[in-house]
Amino acid sequence: MVKPKYKRVLIKLSGEALAGERGVGINLPTVQEMAKEIQEVAASGVQIALVIGGGNLWRGEPAEQAGMDRVQADYTGMLGTVMNALVMADSLQQYGVDTRVQTAITMQQIAEPYVRGRALRHLEKGRIVIFAAGTGSPYFSTDTTAALRAAEIQADAILMAKNGVDGVYNDDPRKNADAIKFDELTHMEVLKQGLKIMDSTASSLSMDNDIDLVVFNLNEMGNIKRVVFGENIGTTVSNKKG
Ligand code: UDP
């Protein structure tokens with residue numbers, strides 16, 4: 001039997017992955033479809049932690065540009081990630097996967113607070129843990145949350161699921177037909193070339209803590225499983241190539 005490549009992964013979904021065709025808000029059938037796919041991966045015995053963004057509901061930076069206080073805008077964004085997490089947790093539960101939401105901002109009536117030791121226990125018991133409310137601090141992103149939590153739980157890799165893009169290119173493939181896709185990159189190359197995979201804080205954190213990153217297209221059914229089983233789809237970013 002083919003074995004998964006990883007024992008423990010952190011899957012980063014952007015908030016938009018939950019939005020469906022509309023691109024904004026939460027589309028329940030889209031979440032359910034994704035939950036089904038994640039459930040199938042969990043069934044193969046891989047431990048899964050999830051970080052879901054909030055960009056489908058709110059982003060702090062544009063709100064600041066429109067005149068809002070940045071810190072307040074970022075707290076709003078972090079609360080958006082909690083809505084996404086609760087909806088995803090419900091869908092996963094309905095597919096029979098035991099799931100726990102842990103938030104970086106305490107709201108104990110609806111979710112556990114983030115406690116690393118408890119998160120590890122859940123993972124060891126085969127439960128999916130969704131880390132919500134970002135890092136709990138403004139001026140950060142959920143990409144940085146993913147890098148931070150991946151380091152804390154010692155995940156083997158971050159699976160960076162992208163909407164409609166199948167890896168990292170030297171230019172925007174939607175605008176430039178000649179853009180070239182990278183199979184492999186180092187974190188240093190990503191930072192030096194300013195490639196837009198995650199923000200630089202998240203990239204630095206991944207580099208300093210030696211966390212591998214696999215960037216792949218979420219919109220193709222079965223891709224999460226393909227990556228978990230070591231198929232070379234997308235782009236792998238690590239400290240050392242090969
Ligand atoms: N956010 C924050 N601190 C964090 C994580 C997120 O302030 O640690 C806020 C920030 O305003 C951000 C919003 O939450 O714009 C939504 O997160 P993000 O933009 O990372 O979501 P994604 O693009 O992955 O959907």
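Note: Cβ is positioned from N, Cα and C throughout, glycine not excepted.
Predicted automatically and left uncurated, TrEMBL annotations should be read as such.
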Region 'Involved in allosteric activation by GTP' range according to TrEMBL, out of 20-25, 122-127, 140-145, 230-235:
20-25
To which of Gly54, Gly96, Gly117, Gly164 does TrEMBL also attribute binding of UMP at the site defined by Asp74, Thr135, Gly136, Ser137, Pro138, Tyr139, Phe140, Ser141, Thr142?
Gly54
Work out how many Å separate Gly54 (UMP binding site) and Ser14 (ATP binding site) at their Cα atoms, rounded off.
7
Sorted by position, what residues of the same chain at least six away from Ser137 (UMP binding site) have a C-beta under 8 A from it?
Ala104
When you look at Lys12, Leu13, Ser14, Gly15, Gly55, Arg59, Asn163, Tyr169, Asp172, which the record names as binding ATP, what is the longest CA to CA distance in angstrom?
25
Under 8 Å by Cβ from Lys12 (ATP binding site), same chain, sequence gap 6 or more:
Leu50, Val51, Ile52, Gly53, Thr142, Asp143, Ala146, Ile158, Leu159, Met160, Ala161
